[in-house]
Amino acid sequence: KGRKEILFVCVSAACVNCVRWSNNGLCLASGGDDKLVMVWKRAAFIGPSTVFGSSSKLANVEQWRCVTILRNHTGDVMDVAWSPHDVWLASCSVDNTIVIWNARKFPEMVTTLRGHTGLVKGLTWDPVGKYIASQADDHSLKVWRTVDWQMEANITKPFSECGGTTHVLRLSWSPDGQYLVSAHAMNNSGPTAQIVERDGWKTNMDFVGHRKAVTVVKFNPKIFKKKQKNGSSPKPSCPYCCCAVGSKDRSLSVWLTSLKRPLVVIHDLFDKSIMDISWTLTGLGMLVCSMDGTVAYLDFSLDELGDPLNEEEKVRIAANQEKNLLKKQVETRTADGRRRITPLCIAQLDTGDFSPALFNSVPILPSGSSMSSQLTPQLSSDSSPGQASSMGLKPTHDPMLTSPPPNNTANVKSSLLLTSASKIEPMKALDSRFTERSKATPGVTAAISSTAGLTPLDRPKDGVTAQKEAKTKEETSSDSEDKMAAINKNLTFGKRKPELLLDGGEVLEKRRKGRPRKDKMAASMAQPFTQITPPVEREPSRVVAPPAPVAVLKLPTPSTQKAFSLQVSMEPSVFLEVENEVSMVAGSKLSQLRCSRDGRDWNTLLPSSVVVAAGSSDILAVACEDRMLSVFSSCGRRLLPAIQLGTPASALHCSAHYVMVLTAGATLSVWDVQKQKVLVKNESLLTVLSGADTTVSQSLLTQQGVPVIGLSNGKSYCFSSSLETWTLIADKSDSLVQCADFRSCLPSHDTPVSSGPLAVMQGRNLNAGRLASRLSSTPHHLQQSMTLAFLENQLASALTLQSAQEYRYWLLIYARFLVNEGSEYRLRELCKELLGPVHKSAATSWEPTTLGLRKRELLREVLPVIGENLRFQRLFTEYQDQLELLRNK
């Protein structure tokens, strides 16, 4: 009542998959099947107007216009997300990538995050802006750092059992930043929403009970505390968060992290799967939409959710944690030599303008919360005893609260769609709880570059004890409380065991002085399991493989999944599906490979489980557990006999008709399938893997068959077949990259080449002269030399990568820079090389083309740039005449 439709926009001819308001409420971003991200702003009011094709009653009360269109994705855009402070806008797509846009300088692209091998269907930002998380159909959740845009963690364990796909995978970060909850996870063959702890990216808890896959998770923006009764003196209470979970089973559940059961569950709310959830800024209203085309609005009261924390309470809680956070800090130096100490809890924003406001300003949020207030510290198990974890496996501090009040039938009102068929069952609707995962081994791969935290199995007796505990756990009932009780009885802490009460299915710990808290016990319990079965990626030396020559495994290998799928080509549309162990024949487990190309399907069988697969529009390649590599045409014909790899495959890439394999033994090979010959043969990476903690963080294969690897130390190399050596093409710590100033040389009509291999490995479009303000005191000749060296590095790198478009782009910038700086000697040498000999000679070694580009055509593009400077008129006329002479010949 009182609400009215104020806006009606025909956004796109294609399906719109996601819309998101910016944090300041001024912009609206949308992404859809047209591969575009569109950003809308309210225009000056010019009076109501009717919408074309509608009745005269439907009028636009507000005028909104599209202010920018962001083009980079090659497939449908599935999700968009604004970062805290609206510094960045992220978008993800079925092209397996995440693109980060500079929201302060649209349409500038900051970087493209590559690493998913399946359709990326969900994004969420850490509330402090230090991380962004993504979830895809490749059965993984990846966390990326915003400092260097590298992968922080790759979580696969909770998703390994998942079968089938969902239209979206909308994950969500809690407002205190301590918990990340995913969509579409599995535990004991049951659908769950996986809870990932920020501290160590542990995956020991989940929300369970939905009958089908979870499609969307959304945290309430507020942090709550227990409602105080009127007249009662305030008591210290544990803050908690509220989370809504939607599923393909058409039901919605709402959870408070202080309770083990959901606050409320609404069954059959829609006719089809839930697509998206949004909370109001007050935290008391929720909008839910479905694939059936309808939207439901739910209203909550403070009695049901609790009292939101005010700013003072948030700051006070954050202050308690700051002591721990400030112990971890980064020391950097400014351009004038002064020291800057930055706590790790503050994201180091790389936006190109180095505005100090990004570090110490209050974000423009409608709710008015500051950055520090979002650092609510309810997470670490080593926090003070009176401060409980907001996501712990325990009830609130009141020891008398053994179960939710039975008469607390929620006053949740659905303004739409709540017919008699809808069933609202508060508290007890889901027959399982907020549980610990049945397998305590965390399914987290810390950033590939990280080797810290590996605990060796040093004492055999510990392993025996852990195995007994694991066995006890597996034999216990599937009910989560029973599991917790059985596990806790088997664990001893000091000389006393915790006393447990079972009351109405709830597990409560008797809170007595000196007794350990249950969340600490759960954290301690997971350690022995970690020692016995570490994730393969964390300790690659323990990879289980068939007998092979003894080799030191330097790089991580993917874990074998029951089934997975990926789209290997957009034009034509090629989908690849792998299903391992489909049948057993003569003691051998067969795996099936299915491919669909423009609607035509084929399949084949392989005698070993497929570990990793890749493809292009021309070829498909799969590497199996038995270290055999098989290559097929896109129509299913085997193109090469099975190739035996020396060690298991770590990464596999296909591009055009080339195949590249990076093995766990740190060797690289590239084959030209069309010519049936090897281009790079078992080339060792040990020459570039300097230091024990350096590893490969990124790899790709260009369309010309050039292999490229990015290392965890920020350096990127490609292997040159002609030079037969590794060549450095990018270094993120290189001062030349940071200090080059060529703003005045950028072409006005040419758009930057943002999708070439050089741009991909350098991580983002180079913000020309973004440190120029800091270099104002630098002598001009020094900055000129640095820029010149950088541009020549770019040209040489593009040449080695055989990237024609990037070579042409940087060549024109280089020529314009030489003209601006008056470098006639270098300009003449450049023109001479592009022109070549005017008269034919048998002794000349000049090639008329480079990377497929005709050199004299490049000279025709360079000459107008030279002609803009009157100082070089003689040079311009000389080479212009030579070109005319050659043309007349």
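Any Cβ shown, glycine's included, is placed from N, Cα and C.
Unlike curated records, TrEMBL annotations are generated automatically.
Residues or ranges marked as domain 'CAF1B/HIR1 beta-propeller' in TrEMBL: 15-305.
Summarising the annotation, TrEMBL assigns repeat 'WD' to 16-41 (among others). Secondary structure by DSSP for the repeat 'WD' (16-41): 0 helix, 18 strand, 8 coil.
According to TrEMBL, the repeat 'WD' annotation covers 70-111 (among others).
Secondary structure of the repeat 'WD' (113-144) per DSSP, as helix, strand and coil residue counts: 0 helix, 19 strand, 13 coil. Per TrEMBL, repeat 'WD' is recorded for 113-144 (among others).
The feature compositional bias 'Polar residues' is assigned by TrEMBL to 369-390.
The feature region 'Disordered' is assigned by TrEMBL to 369-412 (among others).
The region 'Disordered' annotation in TrEMBL covers 433-483 (among others).
Marked as compositional bias 'Basic and acidic residues' by TrEMBL: 458-483.
What TrEMBL lists as domain 'Protein HIRA-like C-terminal' is 636-834. Confidence in the domain 'Protein HIRA-like C-terminal' (636-834), given as mean pLDDT, stands at 84.
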Residue distribution over DSSP helix, strand and coil in the repeat 'WD' (70-111): 3 helix, 23 strand, 16 coil
